[in-house]
Amino acid sequence: MEMMVVFLFSVLFIFGFVAFASKPSPIYGGLSLVVSGGLGSAIVVSLENTFLGLVVFLVYLGGMLVVFGYTSAMATEEYPESWVGNMVAFSMLLFTLFVELVWYFMSGEVEVDTAVELFDTVGVYCVGQDSSGVSLLYGCGGWILVLLGWVLFITIYIVLEIVRGRD
Amino acid sequence: MSPYVLLIISISLLLGTSLTLLSNHWLVAWMGLEINTLAIIPMMTYPNHPRATESAIKYFLTQSTASMMLMFAIINNAWMTNQWTLSQISDQTSSITMTLALAIKLGLAPFHFWVQKLPQGIPLTSGMLLLTWQKIAPMSLMYQISPSLNMKILTILAFSSTLLGGWGGLNQTHLRKILAYSSIAHMGWMTIIILINPTLMLLNLIIYIAATLTLFLALNHSSIDKIKSLANLWNKSTPMTIVILLTLLSLGGLPPLTGFMPKWLILQELVEHNNIPMAMLMALSALLNLFFYMRIIYVSTLTMPPSTNNSKLQWPHQQTKTTNIIPSLTIISSLLLPLTPMFITLS
């Protein structure tokens with residue numbers, strides 16, 4: 001039953017990808033990003049990584065896509081282009097087939113030895129890695145945080161510089 | 001370009017390459033490559049005409065695809081070997097994917113199609129950064145994973161790069177495209193030797209960067225982008241013709257100039273490892289490169305193309321563009337051959 005749910009989620013995940021890769025208007029692209037993002041975080045949660053799924057849901061869908069939706073609504077046109085034609089539906093099915101084939105061939109049995117799994121290379125007890133990893137980012141990983149801040153800054157700066165156009 | 005934008009772009013370019021060179025975690029190295037890709041895009045779109053935008057889009061798409069493949073290889077490696085350190089890649093899938101991703105980033109054949117026309121739409125200084133600075137970070141990654149690279153793939157990449165770089169440049173008249181094909185061919189020379197003696201790859205990279213920088217700076221000083229614009233260069237600034245002559249012959253790999261050193265050492269290493277057919281084929285492909293360099297030298301330095309009598313009387317005006325670094329770079333790219341024993345002992 002659980003495998004069926006994960007399979008269904010992954011199929012709809014790829015549907016959502018094709019839906020925004022076929023370049024409708026940005027509003028509809030944001031809609032399919034919401035669908036894909038929600039289903040992706042659901043898949044991650046079903047694999048027992050609750051922190052990552054919730055963070056994607058909150059920050060990506062609840063923060064970044066909300067801002068994206070507001071800005072697209074401000075800059076939208078009168079009749080935004082929706083999904084038209086049979087090509088989109090056909091590509092959805094084709095790409096889903098490809099991705100499911102890749103998933104099938106790359107899946108297999110992985111030996112999990114519980115005694116070894118819980119310790120990483122330094123010897124730190126690492127159950128619940130993700131949340132403690134984020135707190136480490138603010139602690140001893142301070143320089144990486146500065147770097148991440150710089151990268152975000154140059155991203156917005158470069159996008160503004162490219163969009164500026166002629167004087 | 002506004003000095004604030006230029007400052008942020010320069011800092012980010014230095015930061016990106018330094019991050020990749022100094023990191024021992026795969027994610028940080030990947031982050032450095034991404035910073036480099038992002039930071040050079042505004043420099044490429046700076047002249048706001050559609051050719052520059054098209055070149056910037058081509059660059060961004062290919063580099064993003066390569067970064068995506070690299071991230072896939074990194075995560076696969078982390079899944080298989082449970083560690084993120086920047087050392088050999090033991091898993092075969094990850095190793096091959098990473099090799100192909102870095103080949104796309106460098107512009108090796110058969111992933112060279114983006115390099116062919118891209119430098120034509122962007123200004124000379126952006127093309128210079130693209131073909132020299134942006135090669136350092138992926139090459140350093142290849143250097144660090146070199147023990148685990150696959151020789152068959154590397155041989156195909158290297159040989160097709162030298163051949164296609166040489167053949168493709170034969171029919172070109174725009175200098176930026178010629179330098180693009182020269183870059184493809186030189187990347188091929190670097191790739192063939194990386195499994196056998198990675199230090200020679202670094203030596204080739206340094207000498208290639210020095211010579212290409214000299215050439216770009218000399219062309220930028222005279223604002224030249226076509227071969228026919230070289231026709232009056234003997235009149236406008238004669239030292240530049242000498243610089244172009246020496247640098248191009250050095251890039252072609254002729255003794256007694258510096259460019260002979262990496263080719264000589266690479267061929268020697270290949271022959272010592274009983275790979276004589278490959279050495280022969282690489283040497284023959286380098287001749288194709290030398291032909292179109294000779295064509296440029298023929299037009300600029302060796303002959304005086306026909307012109308009216310008025311244009312032969314150029315008043316020697318005070319030059320306003322700075323050429324501080326061109327003489328030093330010319331000396332580096334043409335006179336360093338006697339230092340070969342020093343470079344050999346570095347390996």
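All residue numbers here begin at 1 and follow the chain in the order shown.
Using the three backbone atoms N, Cα and C, a Cβ is placed for every residue, glycine included.
Model, not experiment: these values are computed from the prediction.
Annotated features, as they stand in TrEMBL:
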DOMAIN    B:23-287  domain 'NADH:quinone oxidoreductase/Mrp antiporter transmembrane'
DOMAIN    B:290-344  domain 'NADH dehydrogenase subunit 2 C-terminal'
TRANSMEM  B:56-75  transmembrane segment
TRANSMEM  B:95-115  transmembrane segment
TRANSMEM  B:151-171  transmembrane segment
TRANSMEM  B:178-196  transmembrane segment
TRANSMEM  B:202-219  transmembrane segment
TRANSMEM  B:240-258  transmembrane segment
TRANSMEM  B:278-304  transmembrane segment
TRANSMEM  B:325-344  transmembrane segment
For the transmembrane segment (B:325-344), distant same-chain residues with Cβ under 8 A (at least six beyond the ends): 203, 207, 210-211, 213-214, 217-218, 221, 243, 246-247, 249-250, 255-261, 264-265
Per-residue pLDDT averaged over the domain 'NADH dehydrogenase subunit 2 C-terminal' (B:290-344), given as an integer: 89
Maximum Cβ pairs under 8 Å to the transmembrane segment (B:95-115) - stretch from the list B:151-171, B:178-196, B:202-219, B:240-258: B:151-171
Tertiary contacts of the transmembrane segment (B:240-258) (same chain, 6+ residues out, Cβ under 8 Å): 182, 186, 207-208, 210-212, 214-215, 218-219, 221-222, 230, 233-234, 264, 286, 289-290, 293-294, 296-297, 300-301, 326, 330, 332-337
Tally of DSSP helical, extended and coil residues in the domain 'NADH dehydrogenase subunit 2 C-terminal' (B:290-344): 34 helix, 0 strand, 21 coil
